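Straight from Swiss-Prot, the features:
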BINDING   112, 113, 114, 115  (6S)-5,6,7,8-tetrahydrofolate binding site
């Protein structure tokens, strides 16, 4: 036996779930993903999403509506008469007609332990807040923002130096397995739903460019969490005067270090920076237009002495 599934997703994060559902023998009757976006060096090429590309390689039909405001789009969705829709990082709001457009509704894979970190950036926000655990939850979607009843939960530890990119890759695999397991249970009519708790609700707002600059006038642990929560994208950054001109430098890796001093000042010549309390060691950096470098390689091209100020 197998389910007929409409899959809805867009980024790389969604792809393992799609592949695992196909491997499990389910019939993917349609794949919905966001429309191709301008890309390439000059932005002249239209680039298909990772899910779009994966679906085509799997020989699956792909649909790319801008939204579901058009009645024709909603009718086409319902016409598939699918058993269920699986939604993983699709990125579009789903109206009630879509939420109720399959026999069993829509099940979403969300990268947090709900109700903590509902919203757009749960992976980054969990690390930036210093959480030591997070997870993947499969929930049945309702009209609210990540408020649906939980069908399945898988917890994942967040290591002290783990970056958002590393956590993303871990949750991507955990989430795929969780959704595949949930679909097996759904097929067997053995997928009980548990309403989310009413306490502990936090919202994971989309990362704003204005908050990516590093503020060394914060405690070292907060600075460290800020750096790893934004690595590798969009990247936390500071300004450094190079050749008489301020240049933006992204920090893609850090660790807590010993030391005290003026916030933003290098305490050593190997990139230990003083914070409001304590210090951080910058371990991976990237200058504008350059490639990411280990601290030792960065310093070969840009030597920095103790006492240098980072702002």
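The backbone N, Cα and C atoms fix where each Cβ goes, and this holds for glycine too.
Feature map: annotations from Swiss-Prot on the structure.
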residue: 112; record: (6S)-5,6,7,8-tetrahydrofolate binding site; CB count, 10 Å: 23
residue: 113; record: (6S)-5,6,7,8-tetrahydrofolate binding site; CB count, 10 Å: 21
residue: 114; record: (6S)-5,6,7,8-tetrahydrofolate binding site; CB count, 10 Å: 23
residue: 115; record: (6S)-5,6,7,8-tetrahydrofolate binding site; CB count, 10 Å: 18
(Q) Around the (6S)-5,6,7,8-tetrahydrofolate site formed by 112, 113, 114, 115, list the extra residues of the same chain whose Cβ is within 8 Å of the site's Cβ centroid. (A) 110, 116, 117, 118, 122, 135, 137, 146, 196, 200
